Structures are given as C-alpha cells and as structure tokens.
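As recorded in TrEMBL:
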{"type": "ACT_SITE", "residues": "LYS211", "note": "active site, proton donor"}
{"type": "BINDING", "residues": "LEU17, GLY18, MET19, GLY20, THR21, VAL22, GLY23, THR24", "note": "NADP(+) binding site"}
{"type": "BINDING", "residues": "LYS111", "note": "NADPH binding site"}
{"type": "BINDING", "residues": "GLU196", "note": "L-homoserine binding site"}
{"type": "DOMAIN", "residues": "360-443", "note": "domain 'ACT'"}
Amino acid sequence: MSDATASGVRPVGVAVLGMGTVGTEVIRYMTENAEALAARIGAPLALRGVAVRDLTRDRGVDPELLTADPASLVSREDVDVVVELMGGIDVPRPLLLEALRHGKAVVTANKALLAEYTDELAEAADSTRTDLYFEAAVAGAIPVIGPLRRSMAGDQVERVLGIVNGTTNYILSAMGSTGADYAETLAEASRLGYAEADPTADVEGYDAAAKAAILASIAFHSRVTAGDVYREGISRISPDDFASARDMDCTIKLLAICEKLQREDGTEAVSARVYPALLPNTHPLATVNGAFNAVVVEAEAAGRLMFYGQGAGGSPTASAVLGDMVAAARNKVDSGRAPGESTYAALPVASMDEVSTRYHVRMRVADKPGVLALVAAEFSRHGVSIAQVRQTEVEFPESEMDDAEPTAELTVLTHRASERALADTVAALSDQDAVSVITSVIRLEGVDTE
Ligand SMILES: NC(=O)C1=CN([C@@H]2O[C@H](COP(=O)(O)OP(=O)(O)OC[C@H]3O[C@@H](n4cnc5c(N)ncnc54)[C@H](O)[C@@H]3O)[C@@H](O)[C@H]2O)C=CC1
Ligand SMILES: N[C@@H](CC=O)C(=O)O
Ligand code: NA
C-alpha cells in the first residue's frame, strides 16, 4: 500500500491491533488486493502500524511497522481507521475509546468487548461523529450485523435464532456424524483457528452469549449485555444424547435464541438465551455443520430470512473485517457515517422463568410396577403435559447381573411448558427413590406445534 497516489488522493491510514489468526489474514488481503480496495474506497489504504506482542517474529510485514505498544497507534495523526483484532476486554477497551475520541473509525471483531461496552463505544463514536463497525463480531464472514443495523432498521424484528459459534458447531457436528471424541475435536477446532484463545469461551457458551447480546441489542433496539443472556455450554452433551436425538429424527445444536416476549401485563420484554437443543432434522439449521453458522431472523414485514456461511476461521472472518474497513475508509473519504446504535426501545430483559419451550428428559428408573405412573404423576402435578414416553430395559454386564436391580431408561418428551414448571418437575423426580438419576434434560426447539 503506497503513501501517495498518482492522483494525489490522500491515503486512508490504517492501524491494526493484533496479528493473530484473523489479523494475519486481514493484512494479507489488504496487501494482495490493495488496488481493488483503493478503487472501491476512492483512496488507497496505507498501513501505518501493527501492534503485536512478539516483535522478533517474521510476519511478512515491514518490521518498521511493528510495535509492542498499541497505544502509540490509536491517536496518530496519520491513522484514520483502527482495526482491533486482539481479543479480550481490559486492554482493547481503553485503546478503542481513545481511538474513537480522537475521531478514528474503529473496526473490531471483539464480541466479548462489544457485548459489555457497545453503548460506551457508540457514545464515543458519536462524540466525534466517527464510525464503529463490527460485522466480524457475530457469525464471522456472514453479513448479519449490517442487515440488522441497516437493511432491517425499518422493520419490526420479532425473533433471531441462530448457530453463532463455529467451534461448538464443529464439535457437535463431528460428535453427531462420526461419534468423534469431544476433546480431540475441540483440539482440532483450536488448531484450525476457530476457537478463542481460551476455548472455554466457546464450549461453555460465553462466546455465543456475547453474540446473542449483540444481536438482541440491535434487533430490539435495547441494551442487552452478555450477563443478561441465559447461558449453557455443550460440555455435558454425551454420545447417548445424540443416540436419543437420532431416535427422534433430531440433531443437537448450540442455539442462540433472542426474541420479544409478551408479558402477562401486556408489556414486552427481550429474552436472550444460549443452550444446546434438539432440532428436527427437517429444520433449516439442522443442516448447518462444521464451523458454519446460520442466523434466522423473523420480522413483521420481511417475514423469515436466513443468513448462512462460515462463522469462524481467519480468512472468512477477515472478509467481514475488510468489508467494514472499506465502509469506514469510504466514510473518511466521503464524510459519511456508519449506521448508529439505538437503544430507544429500552425493553427489559425477561428472566428464564418467563420462557416456555419443549423438553426431552432422560432418566434411569427402577423397572417395576407403578414407576411409570409415579413419574407421570410428577409431570402432571407441575402442569407439564407429556407428548411422548419411551422406556427401554437397561442391560447390565454379566458380572453385575446378580446384584443389579431391574432398571429402565425412561425418556419423556413434553409439550410446551414453562422453565419453572419443568425445573420443579425435575427436582421432584430427583427426590423419588424410584428415580436413580436424571441423565439429561435438553430443550426441543424448531418445532412449531405446541
Ligand atoms: N478466530 C476466529 O474465527 C474469529 C475471531 N474473532 C475475534 O477476533 C479477535 C481476534 O481473534 P483471533 O485472531 O482468532 O485471535 P488470536 O489469539 O489468534 O490473535 C490475537 C492476536 O492479538 C495479539 N495480542 C493480544 N493482546 C495484545 C497486546 N496487548 N498487544 C499486541 N498484541 C496483542 C496476540 O498476540 C495475537 O497474536 C478476537 O476478539 C476474536 O474473538 C471473531 C470472529 C471469528
Ligand atoms: N471462537 C469463535 C470465533 C468466531 O467468532 C467461534 O468459534 O465461533
Ligand atoms: Na458477521
């Protein structure tokens, strides 16, 4: 990227903070496609500096551009756009506030930061009428933030349902299709550059929860933070759960569900939740596998939309970062502005107790007369209607036959019920002597019937 052009157009100065999986690809494409990007922007991009931790590594970038001091880049006169690809919260947060308050546009992929501090960052951007772009923060390469912020700004979004974490989808897809080992598949996802620096963020649902918070905030024009999102990860999902899913012609996906709920008093609230769920094989999201993501948006005027693509990986994510960079750079050339953030609706966040869905409960019970009736009575006592029941005898190894009590595996699929009623039912069953263990409770989503 040159610092001047034959036409004398002032270049748009870019600083990149972090040159890891995503940053490396962003800089590669910036360099390889410099002319095309300049034509689209109306001016060339000029890489002013790259913040890295290790200055000694050869990164294919002019060593003169490398710095271990990201703060030195964010307020430089010759920097117009700051691209943050470091991750984490405590280090990038002050850096990006400083950049925005100096009128630099910010492009970031940092969902953990945005899920907590979008309001503060947006306010800083407004204070100097500069831009905050973050398409890469949710669902990698998939353009879903832009459509929600811009294309659907005139519609009434009712629900956003998606697979928004590539690492867990890669793991669950492998477990479901080949019975792959959880730990080995997670290690492979890290090797492929899908997982966060700490993969706990992925497998315990924190990453998906951060993305759900961002989606809910934009879709419902309200402030939803990661802490507002009900979150379950996938580490408890077992091969037996997949066997059960197959028996029901279902698969298991980690879903992010953001929706407006009508409360009993007629007011609206926002529910945002992330959990592994059974999904019928006929559902469009059931065929989203590997590190792919997909987001289904349901809106009053548009109806149902689905956005699909690679949700993780350095190159796919770089696509979204580069798109934002072009937009931010064009705005610097043309004095335009990115779509703003509006939390005017200020809807309250619903508690999980206000959510109702369907549940698949698996338990080990004594195989003797009256147990089935006892279990059914507990569901009935808590107002949970049973849709299907399945009981199979448990086979014991020869060596355990003499001492083993006849035991059965009992599976109950419910009709729609409240989280509270289901939780109370499970607690009551756990207290029953005839129920030795509740082996799993998984919600069933994507089924329109009650
Ligand atoms: N990997 C992926 O598929 C996606 C990642 N993201 C997000 O993009 C961001 C970057 O992700 P990755 O590139 O995968 O992470 P990474 O861990 O591969 O790269 C981060 C880089 O930033 C550097 N860094 C961290 N703190 C620094 C500091 N104080 N000074 C200088 N350098 C520093 C690290 O040394 C590392 O090279 C994260 O916020 C992540 O959540 C978003 C979408 C997809
Ligand atoms: N670790 C994340 C990266 C993209 O956001 C994921 O697996 O989706
Ligand atoms: Na995206």
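Using N, Cα and C of the backbone, Cβ positions are placed for all residues, glycine too.
Automatic, uncurated: that is what TrEMBL annotation is.
Since the structure is predicted, the reported quantities are computational estimates derived from the model, not experimental observations.
Everything TrEMBL records as a feature, shown here on the structure.
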residue: LEU17; record: NADP(+) binding site; Cβ contacts under 8 Å, 6 or more apart: GLY23, VAL50, ALA51, PRO70, LEU73, VAL74, VAL82, VAL83, GLU84, LEU85, MET86, PRO92, LEU95
residue: GLY18; record: NADP(+) binding site; Cβ contacts under 8 Å, 6 or more apart: ALA51, VAL52, GLU84, LEU85, MET86, GLY87
residue: GLY20; record: NADP(+) binding site; Cβ contacts under 8 Å, 6 or more apart: LEU85, MET86, GLY87
residue: THR21; record: NADP(+) binding site; Cβ contacts under 8 Å, 6 or more apart: GLY193, GLY313, GLY314, THR317
residue: VAL22; record: NADP(+) binding site; Cβ contacts under 8 Å, 6 or more apart: LEU85, ALA109, ALA136, GLY314, THR317, ALA318, VAL321
residue: THR24; record: NADP(+) binding site; Cβ contacts under 8 Å, 6 or more apart: ARG59, GLY314
residue: LYS111; record: NADPH binding site; Cβ contacts under 8 Å, 6 or more apart: PHE134, ALA137, VAL138, ASP207, ALA210, LYS211, ILE214
residue: GLU196; record: L-homoserine binding site; Cβ contacts under 8 Å, 6 or more apart: GLY87, THR167, ASP202, ASP207
Cβ neighbours of MET19 (NADP(+) binding site) where a neighbour is any other Cβ within 10 Å: 23
Recorded positions near ligand 2 among GLY20, VAL22, GLY23, THR24, LYS211 (Cβ under 6 Å): none
Sequence-ordered recorded positions from GLY18, GLY20, VAL22, THR24, LYS211 with Cβ under 6 Å of an atom of ligand 1: GLY18, GLY20, VAL22
Extra residues within 8 Å (Cβ to Cβ centroid of LEU17, GLY18, MET19, GLY20, THR21, VAL22, GLY23, THR24), NADP(+): VAL16, GLU25, VAL26, ILE27, LEU85, MET86, GLY314
Fewest other Cβ within 10 angstroms of its own Cβ, chosen from the recorded positions GLY23, LYS211: GLY23
DSSP residue counts for the domain 'ACT' (360-443), split into helix, strand and coil: 26 helix, 34 strand, 24 coil
Averaged pLDDT, computed only over the residues in the domain 'ACT' (360-443): 93
